[in-house]
Structure formats: C-alpha cells, structure tokens
Amino acid sequence: MSKDLHLGRSAWPSSGGEMGSRVRAFDWEKTPLGPIASWPQSLKTTIDLMMASPLAMNLIWGPKRILIYNEVHRAFMGTKHPRAFGRPGREVWGGVWEAAEAAIHRRVFAGETVTLEDHPWTLLRNGGPEEAFFTSYFTPIRDETGAVVANLATAFETTNAVKEKAERDQTERALRKSEARLREVLEGIGEAFYALDQNHRFLYASRKALETWDKKPDDLIGVPFLSAFPNAVGTPDYEAQRRALETGTAQHFESASPLIGHWFEVDIYPTSTGVSVAFRDIDRRKQAEALLRASEARLKAAVELIGLSPYSGDPRTGALDWDARLKAMWGLPADTTVDAPMAFAAIHRDDQAQVAAAWEASLDPDSDGVFVAEYRVQGIEDGIERWVSTHAQNFFEGRQPVGFIGAIREITEEKYTEARLRESEARLQAAVDLARLGRYAWNPQTNELQWDDTLRAMWGLAAGAPVDYEVWRAGVHPDDLARVEAAIQRCVDPRGDGVYDIEYRVIGNTDGVERWIATRGRTNFENEAPVAFFGIALEVTERKRIEERLERRIEERRRELEEANRQLRSQMEKRKFAEIEVQQLQRLDAIGQITSGVAHDFNNLLAVVLTNARLLARTMERPDDWEGVELIRTAADQGRKLVAQLLAFSRKQQLAPDEVDLNSKIAGIGDLLGATLGGTVHLKTIFAPDLWPALVDPNQIEMIVLNLAINGRDAMQPGGTLTIETFNTVIESESFRPEEPSPGDYVVLAVKDTGTGIPDDVLLHAFEPFYTTKEPGKGWGLGLAQVFGFAKQSGGGVRIETRLDQGTAVKVFLPRAGGDNADHHADTVDASKRLQATKRFRVLVVDDEKAVLRSMVRMLDVLGYATVSVESGSEALRMLASNQEIDLVLADFAMPEMSGGELAKAIRAMQPTLPVILITGYMDRAVLNELNDLRIILKPFTEDDLVNAIGAALK
C-alpha cells in the first residue's frame, strides 16, 4: 500500500469509487511513477479530473506508458481489469499496442490532439459482452515545463447515434428500393400513370404516359398541368382532377380526350400530396363496341348464311331449344321436340365417349364452362351420317350450371376435304421422300420445332430424335451461324417479304460430318406477328464441292491473269524507265561529245600556255617578274580543272581506280572541308567501323566529297548541319532509274544537309549539266552532273533523298573492292633530280598542233632530252624506218589520218621494245581498255608528270 495516502490531509484522490481506492492502495513505488508524494502536480490534477468525470477516461503516463483509468473506463478493460491498472500499456495490450502507439500515442506525445469517431468497442456490461460505439479524444498532458508527459483519452459513447444512423440509412435504402420497385411496377403495368401536387404541378409521369403525350420527363416534372397542356382548360379530365383535389373524392370516368383524340378510361385518386391519375387507352374498345353493335344485326343474318345453328338449353332438365335447321342435321322434321337424351342418342357410337367426357368437363364450375367438340351424328329418321362442330358456353350460379348457349355447324364437306388433303399430303410426302427433301415447321411464338427424319439425318440425328431451336442452332457451322440467324430475323420481320432462302453448312450431331444445306421457307403472319415458319431443305454438299473446285480453278486463273498483267505492267514500266534512261544518256552523250571535243582543243591550248609559262619562269631572275607568270599558270590551272569537270559528267575522264579506305580519305581532307564550309556550318561525320574498301579513283573521290559539301553548304542557312556518313549496303533488285546502281555490294558515301530541300520540278533536272538554280556567277551547274558521271563511270550510282524544309541527302554508291588491288603507281621523282640522273635520251615527239609540238620540244630540251619532232604518225613511222636512234616516242593521241593509238600499234609491230607514251586531253574508256599496257599522260601536264612518265617507260 502507498505510504503517503494522507499526509495530514484527507485521503487522495477523494473521489473515483473503486478506481479511486485503487489509486490510493496501489504500490506505486514499484512503478516508474514512484511514490505518490513525488508525483508532479500535473499528474495529480489529471487523476483528480479523471476520477470525478462521468465519462470514460484513461491516462497513458510517461515513456513507459503507465495505464491509469477511472471507474467508467473499467468496463472497457473487460477481463484485463484489474491486472491492467498501473502497468505499461505494451504489457496490457500486447501486439495491439504497436498499432495504437504508431496511430495515436506517438502523435499525442508529439503535442497533437487525436480524435477517433464512432469506433467500435466490446464492453462487459448488462451481464455480458456488448458492442458499443465511442468517439474518443486523445489529449496531450503537459508538465510544469510545458513538455508533453501523458496522453489523456476521453470517450463519449455514441452507440445510440450510430445505431440510429444505421437504422436511418437502412430505412432510406429500403425506401429508395421500395420507390424503385414501385416505379418499376408503375412502368411495368400497361396503364399510363402520373401524379400532381396540390397546385396541379407534375410530381411524376410514367413512361407510358410520356409516350402517350410524346413528352420527356424534363417537359413535365415541376410544371403545372395547364402549362404543359393549355388546351385542357374546361375538359372533363381537368375538371375531374380539380374536383378530386378540392373534395378529396376519387373520380372514375370515360372521356374522349381532346389532347390525344382517343377515348380513355380514367381513375383519379386523392393522396396526401395531391392526386394520382391512372388512365388507359380504350379507343379500340370503344371502336369495337360500336362495331359490335353494328355487327350484331349482321351477325344474326351471317350466322344463317354461314350455316351456324344457334341453340340453348338447361343442363338441369335436359331441355333444348333447337331451330329447324339444327333438327334437320339430326334427320328430324322441323316440328319435332328434342331433348338432351334424344340428341345424344343420335351421336355415332364411336364418338359418344369423347363427346360425353368433353360435356362433363365443361360442367365443372372450376373450368371455363366451354364445350367444344367435333363428332358424327346418325340421322334419326333419314339415317344419313353427318359431321358437326359445336361450341357452347355454360353459365353457373354459384357452383351450379344453370344454362348454356351455343352453335352447331355441319362440317361434313370439310371432313371429306380434310380426308382428301391427308391423302394428298401422303402423296406429297412420298414425292418429298423421293426427292430427299427435308421438311420443317417452326412456331416463333412458342419456339416449337418440327422436323421430318430426312432433315434429322442432315443434322446427323437418329430418326425420331427430339429437336428444338437449340438443337438446330448447335448443328449450324459456327462460321455461318450469325449469317443464318440474321436471315431468319429478316424472314420473321413483318416489314419484309417473309421469304427465307439461304445455303449454309451444318456439322452432324453424332457423325461429325460437314454438310451443305440449301433451304427455302416462308413465314405466315397474323396481326403483323409471325405465327408459323415452314419450309424445305435439300443437302447440296456435292454441288458445293463442285462449285468450290470450280471457284478454285477460277481463282487460279485469276491469279495467273493478275501475274501476267503484273509482269506486263512491270515490263512496260521497265521499258518506260529504259526509254527515260536512254533519252538521258543520249542527252548526256551528246553534251559529252561536244564538251569532250572542246576539252581536247582547250587542253592543247592549256598545254601550250602552262608549258611555256613554266619554261618562262625558269628564265626569270627577278621575283617581281614571277608574279605575272604565276597568274598565267593559275588561270590555266583553273581552266584545266574546268576541263576535268566537263570530262567527268561526260564520263570521258581517265580514272585510276584503286582500293580506297573511304573513312581515312574523308578524315584526311577534314581541314580542307572545314575551311571550305566556313564557321557557320556544323560538320558531322559518321563512319561505319567495318566499312568495305571502295574501288574508286582516290583523287576524284576527294573532288566528289568537296562538290557535295559545297552544294549542301549553299542549300543551308547559317547554323545548319552537314553530315558525311559512310556505310556498307547490298543492292538486291534491279532499278529502272538511270542514276541508280545495279545489284551488287557497295560502299555508300552519304552527304546530308539540313537545308530547304529540293522541289520535285527541280529534282527532275538534278543531274543535267549546266542546270543550276543559283544566281548567275554562283556556279556552272556541273556539280551533281560530275557526281553522276563519276559514280556511273566508277561502276556505281547515285540517289537523292529530299524533303522540303527538312533537307537533302545525296548518296553515292561506290563499288566494293574485290581482292588485292595494291597501289602500283609509279614512284615519282622530282624533275630536277631526274634530270641530273638521266643520260641524254633521244625522244621522238609527234603532234599535229605546231604550238603544242614546239612547247613539248622546248620542255624536253630544258629537261635534258634530245628531241626529234614530226607533225603526223606517217612521218614518225618513216623516221623510225630510217634507222635513226630513238629511245622513246611521245605522241599525241588525237591526230588526223593516224591516231596516237594506231601509231603505237604500228610502232609495236616494227620495234616491239620501243617505249611509247601517248598524250591526250581525254580518251574513250573503250580505247583506254585497248591501250591498258601503254603509258598515257593527260593534258595539260607538268615537268614532273613528263619526267616520271618517261622514266617509268625507259625503266
């Protein structure tokens, strides 16, 4: 027991009942709280508050979370009381504590107030466990320093409120469900229904009412009746509604509505909120009543006309009231008195039993009292057998039959007709069986299906096997089912012609055999409703197989024809492109012929200018004099480059193809490209790491790269990107475009810009020489023509890919080098060194141009060679025939009478070991191939070119 309960004062705490006593009696010294005397005032004040409170309160104190609770909270502890009092919460609640610590206590000890609303709790009260609901507030308790030292939980019981809310929610759900059911019932009944409030405003209108009025809910709900139907003023309908509202009495009437123009039967019922109105369209009934009255008179006459004989009687006495015509059916005179026993005795004895049973059944008060029968009668006096049909209605008082009325009609002829019809049907069935036709009948109203055994066999069913719609449906091939059912729906649609004509596949139910069925049917309608669907079916499997084979043959022929047409179109397209290529090649060849001729003459002039300029430079002693000579050489060199361009697009230049690493070649001219493009264009290179070697002229490819780079630069605004890319590709199919490469392996040089792109009309002329879109003086229009000529002459091709405002890519396809193409170029030696190393060889110079001849002689003299010159091939041969000592012949290729090539052949025949060097401005590839073992120098040439060629020839 605590040692400091009194301390000279009254016992503390002074309230709290049992739990106050427990506070006083608990041995707190064994807990982290220590003796009561040492407790802080905040703890004591909180316990005083708890013990005096009528609410359930518990206190979680300190880091150890010591649990203290009041008398009301004891019920929350259940079987854990009293063991839980004064112990740490974790020991009391075990695993549940961790969740509470995280969700509540840790937050409260951090200074936050936590609220849990309407949480459930099981209490021990009223003699056992009971579920209750509480709203709890968890409040931080602070000590004298303001630090949070405890969590005070106060619980307010909300059980009644929670249960009331649950009951209220349940009631509201039930009410909504009930309203939904009521609305569903109202919508489901055949009558129209609406409700008005006390002010004649619409509260509700059923779907039937809306359809009758051709209104929408938004047109009526909340709207006064007269606003929705202003023409209703003064009508019986509106006046009845008004009376029902004013007097609170129900109204029932029939009215011809001026709103709709139909007759309606109306019931108006007062309600607490207004009135409910139900009305049903009786227009047809009214019309029928009028027609009935009009027809009753006609009916009496019609009954006699169609052979009906009305009768009546009393089943209690057996009395009968028959007319003369009915008596005649029984073979009796008109004045004969007839009663029930007499009438029954005349019935054929084979029919008496079924007639008696039907009559007894109609006298049952639980039945509808209807007597219907067909039977034979034997004329009592005339002995004639007749068939009659009777239809009567019994009337009852209570459960006692008191009378009947009916009509009898003689149907002897009809029965004979039926017999003949059955005989005809039997013959028809025999014919159907011979034709192997299957027959069916289907009632769309009852879904009843009737098949004969022939049709069952088509479905793989045994004779007499039961059938229904699902059996039929299960047998139809899945791929045909939707199509067949759609045809049936069209057939039973009264808006159609009711004809059913279709072919489809079925899969046998037991044998699994796929069969084709051809079926025709027709639907009978009554009152626009299908009442009978009947038809025949014929198995057409063999015919379909024949048709399928025929269709396959037709399809094969169609494909063959399409292939032939495709090949024809392809050949026509090839021919078209071939004609285009021929035209372009002819155009280029014509230009090439002109330019090559010009180039030859121009090269002769350039050779004279360059040779003499170089010789003149050797004699200049003052540097000031060299400038003029250098200007002459520069201008002549530019002319030489222009000639090279002319020869390139005409494919008349001499190429020296070799294995070239395109990546290294482009990288090697990187500085030149950068200087050419300037600082406003970003240069990007993408080199394929496994690039094949290309078989091209190394010098010419550099010119091609520069040409394409300059074109790309000119097509872009400042800041554009020029990309040079290399990659391998394999062309597998033949192209009909003249610039495209043939099938084979190629190394591709792609130059892409981000410029404006090339319009279609310009792209058509891209490879034509002298075609340019640049301003005058900005280009010759030879760039792409030169690329095209170089690519085709090298054995490749070129392709342009362009998109307006996005840029252009020019792809040059260069043939892949095959095998070892080592560099066999002759070593070059500086002309001055070569001059010092040579003896004085004697050279025969042959050229028909005197200026060129004189210039070459002067150059050879300066280089230290002895020379002899002649102006034609024939003179050269005579010179050689005179046995003059000649070490080498240097001859122009293009000479009249005898060309340099012809001269070389003649010299080889005379002196096989005598070296011959040919000089030319251009040379045909065919001629080059013929002279591949001869030395050739292209005009204009330098002293080094000449010395190297002579040195290699003499070696």
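Placement of Cβ uses the backbone N, Cα and C atoms for every residue, glycine included.
Pulled from TrEMBL, these are the features on record:
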{"type": "DOMAIN", "residues": "178-222", "note": "domain 'PAS'"}
{"type": "DOMAIN", "residues": "371-423", "note": "domain 'PAC'"}
{"type": "DOMAIN", "residues": "500-552", "note": "domain 'PAC'"}
{"type": "COILED", "residues": "543-588", "note": "coiled coil"}
{"type": "DOMAIN", "residues": "597-818", "note": "domain 'Histidine kinase'"}
{"type": "DOMAIN", "residues": "842-954", "note": "domain 'Response regulatory'"}
{"type": "MOD_RES", "residues": "Asp892", "note": "4-aspartylphosphate"}
Quiz item: Counting by DSSP, what is the helix, strand and coil composition of the domain 'PAC' (371-423)?
Solution: 12 helix, 32 strand, 9 coil
Quiz item: Could you give the number of helix, strand and coil residues in the domain 'Response regulatory' (842-954) as assigned by DSSP?
Solution: 52 helix, 24 strand, 37 coil
Practice problem: Count up the helix, strand and coil residues in the domain 'PAC' (500-552) according to DSSP, in that order. | Solution: 12 helix, 32 strand, 9 coil
Quiz item: Between 0 and 100, where does the mean pLDDT of the domain 'PAS' (178-222) sit?
Solution: 80
